[in-house]
2 protein chains.
Amino acid sequence: MAHQKPLILVTNDDGITAHGIRTLVEVMQELGTVIVVAPNSPQSGMGHAITIANPLRLYPADIFGEVIAYECSGTPADCVKLAKHHILKDRSPDLVVSGINHGYNTSISVLYSGTMSAAIEAAIEGIPAIGFSLGDFSRQPDFSHVREHVFNIAQNVLQNGLTKGVALNVNFPARGPEPLRGVRVCRQANAKWEESFHERRDPHGRRYFWLDGEFVNYDAHAEDTDEYAVANNYVSVVPCQYDLTAYSTVEQIQQWGL
Amino acid sequence: MAHQKPLILVTNDDGITAHGIRTLVEVMQELGTVIVVAPNSPQSGMGHAITIANPLRLYPADIFGEVIAYECSGTPADCVKLAKHHILKDRSPDLVVSGINHGYNTSISVLYSGTMSAAIEAAIEGIPAIGFSLGDFSRQPDFSHVREHVFNIAQNVLQNGLTKGVALNVNFPARGPEPLRGVRVCRQANAKWEESFHERRDPHGRRYFWLDGEFVNYDAHAEDTDEYAVANNYVSVVPCQYDLTAYSTVEQIQQWGL
């Protein structure tokens, strides 16, 4: 029997026309047969939202040459669900990759990240999955220094698989004067945004607010975190799970005698 | 110094006019000073989404008598952020409660749940937090059998606190012929929806899709899960964390030699 090329689903949260997904499609074509199902508009900060109160739209998108692609009106998690349960009903993908996100999804950002929610949605479906993000918010980021790592990490996941219920959160530093120093498999840093709101008035005098904040790393002295890795020009790889149970506290709360 | 009553922030994801939040406000008034900041529209399935591309609106809502209340154009997570960093800048809440959700947030639903994202957002801010949900989707659910448990669990959290980074996910069975059998502190079941999409055509002939699915519990024989608890007429309490690191797989992936 002929060896069948792996089937790779590509999605993202910046929308199907973003530069990051184009790079991801190009690299994945070296590893398998690629299909794209991605949002038709930016979905940054959508977390693990899904569309349940409105109907979902799905249209063919002829923007990646020979690669079959669809744009979807929903969230990244919706895209994975539609791909798995409608478009690819007869053959499940061997790998789901999401990104490359324009901006980091390290530490607490993993919770708000549409990029990672797509990867975690795939993990829920039992499909090995990776979210890729680049710490560069410019309109036209340079992805050239991450291509070999994207290829290598995806190839390893295809070869080794991932423990059931786990997806990888991969973050790359922006291209700098020095080459990347390598890959560190690490944990999610205990870091967050110390937030504030800008209060403004619209032309009708009505108040509105913009979320803003300053990033604070409470794990600044730890060397085993994703924040440490990217701050030191390493690629960070964090295995993420969707079982949120805080097992270490179950017994303690049982003792309350509720 | 006079003993100050606890400050309790109440939010939800069904919107500020839902029946569940009214019950929660009433019970919390027995425990402290209540303030409400809740979405002005249903936000079910919004997961941990936050509003970053659009301005947020916030209006006073005079619907809970003497209780100060605001309605917000954003998600449950936005409500907690606006409450903490704008409305309650000078005094952080002692407790954040979210719900009571109309429908279960057991097992995998915790990821999609706006109710729980509000509680987890509070945990990120270091505030003890609880999400409450009821397994009853009717328009006018009966909350009378859960009031004493809501009070008791919230009182325990106020007295004992919660480990940093942990929020409780509490689920109540719908009122049945028998009284609730008690409370079980348990883990998130390995269960999910086996999904499918209904394909339809709008009056213009354009396709659209509705998400549907059948619930499957892969942990059906385990007795330590939230699904077991509610199926057997117990209240389930699952401590949830936002550190998603799958620690048990870090070393394994390190051995890939990326």
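These residue numbers are counts, starting from 1, taken along the chain as shown.
Note: Cβ is positioned from N, Cα and C throughout, glycine not excepted.
Since this is a predicted model, take the numbers as computed values, not measurements.
Secondary structure at B:Asp13 (divalent metal cation binding site), as computed by DSSP, is coil. The annotation divalent metal cation binding site is assigned in TrEMBL to B:Asp13, B:Asp14, B:Ser44, B:Asn101.
The domain 'Survival protein SurE-like phosphatase/nucleotidase' annotation in TrEMBL covers B:8-195.
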Least surrounded among the binding-site residues, given as B:Asp13, B:Asp14, when other CB atoms within 10 Å are counted
B:Asp14
An 8 Å radius from the center of the B:Asp13, B:Asp14, B:Ser44, B:Asn101 Cβ atoms defines the neighbourhood of the divalent metal cation site; name the other residues of that chain inside it, in order.
B:Asn12, B:Gly15, B:Ala18, B:Gly20, B:Pro42, B:Gln43, B:Pro76, B:Gly99, B:His102, B:Gly103, B:Ser113, B:Gly114, B:Thr115
Which entry in the list of binding-site residues, B:Ser44, B:Asn101, has its Cβ near the fewest other Cβ atoms, using 10 Å as the limit?
B:Ser44
For the domain 'Survival protein SurE-like phosphatase/nucleotidase' (B:8-195), what's the model's average pLDDT?
96
Chain A contacts from binding-site residues B:Asp13, B:Asp14, B:Ser44, B:Asn101, C-beta within less than 8 angstroms, listed by sequence, come out as B:Ser44
